[in-house]
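A short write-up of the structure that comes next.
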Amino acid sequence: MTIAIGKSSKEPKDLFDSMDDWLRRDRFVFVGWSGLLLFPCAYFALGGWFTGTTFVTSWYTHGLASSYLEGCNFLTAAVSTPANSLAHSLLLLWGPEAQGDFTRWCQLGGLWTFVALHGSFGLIGFMLRQFELARSVQLRPYNAIAFSGPISVFVSVSLIYPLGQAGWFFAPSFGVAAIFRFILFFQGFHNWTLNPFHMMGVAGVLGAALLCAIHGATVENTLFEDGDGANTFRAFNPTQSEETYSMVTANRFWSQIFGVAFSNKRWLHFFMLFVPVTGLWMSAIGVVGLALNLRAYDFVSQEIRAAEDPEFETFYTKNILLNEGIRAWMAAQDQPHENLVFPEEVLPRGNAL
């Protein structure tokens, strides 16, 4: 008989083992090795955002008021992108732009790069946290894989897109109204709504919402009645042996409604994972394309015919004209340093004019 003898528990642990024991200890809020990245980055990203929206103006970078101190509210406050002249500078506090002056750093837009970079690493840390915890309790890593969807969208929009453009100036500022303005910018300058990758993203997000509503309603509709047994539906009892709802009944119901239905829970839940995550990934790929100024679905034949025949118009040609109006108005507003001057006859007029 062979006897396996392990290390004596009395042997002193090295630094790595001691840290591993402390970080991965069972506690109310799991820390883990991923927490070394997640918690500091999330703290600094949120702290920078709250600081910027509360105190810091965007007058020097965008000519705008953007803080509570200046009279903005939650919907209009934002941490704005750096000035266009700063291009892709990391805007480090100790760098050549701010030279250690915190006030100047905030005025130049340093808080935006601070929030964007720490926010990106914080999101990645959160995904790694899901990997680490899943491995610790012997789960498969699909939660982390699903979370890669939002991460890919955030990184592509906030980092990769401005890297492909002239500077951080063209990234979205971090605020509600600021994001809306960025969406209008995407439409006017890239015709984003007609981009097939955006279409796949919309199909993924709205399709996922539909699947979620259908699934939740179906489970509620087919729940088995609670029994009085000690082993029946007691909240989070891990030893429950019965099914919670009737998959057979659900299958028969949707087979009658649609003619087709999911026949097993594995495929059903994988599909609910696949639809939104793939949609988000496709959107992220599309934004990377926009970073390189790739265009999609330019129906030039319709534009030429519309230019030649005043009576010919499609929804596409109307949208193209709308995009031209967005560009004419936004470019002059957003980039006053470019001294863009458009003839009066091409500028869009508001209702008051």
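Backbone N, Cα and C define each Cβ position, glycine as well.
Given the structure is predicted, the values throughout are model-derived calculations rather than measurements.
Taken verbatim from Swiss-Prot:
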MOD_RES   Thr2  phosphothreonine
MOD_RES   Thr2  N-acetylthreonine
TRANSMEM  41-61  transmembrane segment
BINDING   His118  chlorophyll a ChlzD2 binding site
TRANSMEM  125-141  transmembrane segment
BINDING   Gln130, Asn143  pheophytin a binding site
TRANSMEM  153-166  transmembrane segment
BINDING   His198  chlorophyll a PD2 binding site
TRANSMEM  208-228  transmembrane segment
BINDING   His215, His269  Fe cation binding site
BINDING   His215, Phe262  plastoquinone binding site
TRANSMEM  279-295  transmembrane segment
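Here the C-alpha separation of Gln130 (pheophytin a binding site) and His215 (Fe cation binding site) works out to 24 Å. Looking at the residue listed as 'chlorophyll a ChlzD2 binding site' and His269 (Fe cation binding site), their Cα atoms lie 33 Å from each other. The Cα of His269 (Fe cation binding site) lies closest to that of Phe262, out of the binding-site residues Asn143, His198, Phe262. Cβ neighbour counts within 10 Å, taken over all protein chains shown, single out Gln130 as the most crowded of the binding-site residues Gln130, Asn143. Taking the Cα of Phe262 (plastoquinone binding site) as the reference point, the closest of the binding-site residues Asn143, His198, His215 is His215. Geometry remark: His198 (chlorophyll a PD2 binding site) versus Asn143 (pheophytin a binding site), CA distance 24 Å. Taking every protein chain shown into account, Phe262, His269 are the binding-site residues, and of these the Cβ with the most other Cβ atoms within 10 Å belongs to Phe262.
For His215 (Fe cation binding site) paired with Asn143 (pheophytin a binding site), the C-alpha to C-alpha distance reads 18 Å.
Counted within 10 Å of its Cβ, the other Cβ atoms near the residue listed as 'chlorophyll a ChlzD2 binding site' come to 21, all protein chains included.
Cβ crowding, taken as the number of other Cβ atoms within 10 Å, peaks at His198 among the binding-site residues His198, His215.
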